[in-house]
Amino acid sequence: MALADSTRGLPNGGGGGGGSGSSSSSAEPPLFPDIVELNVGGQVYVTRRCTVVSVPDSLLWRMFTQQQPQELARDSKGRFFLDRDGFLFRYILDYLRDLQLVLPDYFPERSRLQREAEYFELPELVRRLGAPQQPGPGPPPSRRGVHKEGSLGDELLPLGYSEPEQQEGASAGAPSPTLELASRSPSGGAAGPLLTPSQSLDGSRRSGYITIGYRGSYTIGRDAQADAKFRRVARITVCGKTSLAKEVFGDTLNESRDPDRPPERYTSRYYLKFNFLEQAFDKLSESGFHMVACSSTGTCAFASSTDQSEDKIWTSYTEYVFCRE
């Protein structure tokens with residue numbers, strides 16, 4: 001009977017130790033998988049668990065070392081969910097991989113990224129984002145046509161300009177030889193300062209193109225004189241660089257069809273929250289844009305192919321191209 005008891009792993013039997021060990025191991029919390037899927041604000045990231053726990057005492061480190069998987073929020077597909085900025089999280093994840101901060105030359109979301117780093121409790125990343133930017137090797141920031149602090153609101157340095165050293169006895173009003181060299185063309189003739197594609201002549205606004213389009217309908221025939229048959233515009237679309245479109249149209253720009261588009265990328269899926277072409281023209285004009293081209297196509301639909309006396313319903317698609325130099 002004692003042998004039978006030990007075989008069954010009773011507390012007083014010889015197999016009790018094995019049964020107790022099995023019970024304790026089953027009581028341990030389940031481990032996280034080596035490959036972790038994260039849903040951050042609708043953006044899905046797949047990474048290794050060792051990456052997200054690479055910074056001790058951070059928010060992600062506590063989530064994936066001090067908590068159990070069932071305690072964390074998940075989406076409908078079982079991915080761990082974080083209600084944060086999905087676009088900026090890519091830079092957080094890049095930092096966690098090798099603890100290095102690498103940002104694009106033109107990055108207007110620096111302050112928002114610093115706020116995300118504070119949320120994820122990454123003090124070293126917060127410190128680096130808050131420190132003044134130091135010019136790296138290669139061309140100076142002014143030759144790359146970027147902002148002083150990587151922000152939309154900061155002043156652009158004219159291309160070819162560098163801070164001249166104040167020479168002893170030099171007049172404060174004397175022209176800088178650096179500026180004189182920057183204003184000359186390679187052939188020796190006088191020329192304006194060289195510009196990057198995103199910098200305008202006044203050094204404060206970026207150049208570029210914006211195309212707005214709309215699909216409209218109107219009637220030609222007996223009802224053409226009625227007020228109800230005037231131009232009808234269903235939606236005004238906006239195509240161009242994301243940062244330019246946001247600068248011109250601001251809160252009147254609907255980004256729902258192309259969210260989290262980086263500022264340096266282009267899009268053709270934005271549209272305006274209003275339907276008045278002249279309002280769009282006014283906003284473009286106030287921002288320094290002028291029209292350089294337009295095109296239109298139209299089709300006609302008959303109510304009956306045999307009865308030509310019926311009113312003709314026309315639909316058209318029109319695009320206007322605006323430029324700021």
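Glycine residues also receive a Cβ, built from the backbone N, Cα and C atoms like all the rest.
In Swiss-Prot, the feature phosphoserine is attached to one residue out of Ser176, Ser185, namely Ser185.
Screening Ser151, Ser187, Ser198 against Swiss-Prot annotations picks out Ser151 (annotated as phosphoserine).
Note: Tyr119 (phosphotyrosine) has non-local neighbours Leu59, Arg84, i.e. same-chain residues 6+ apart with C-beta under 8 A of its own C-beta. According to DSSP, Tyr119 (phosphotyrosine) sits within a helical segment.
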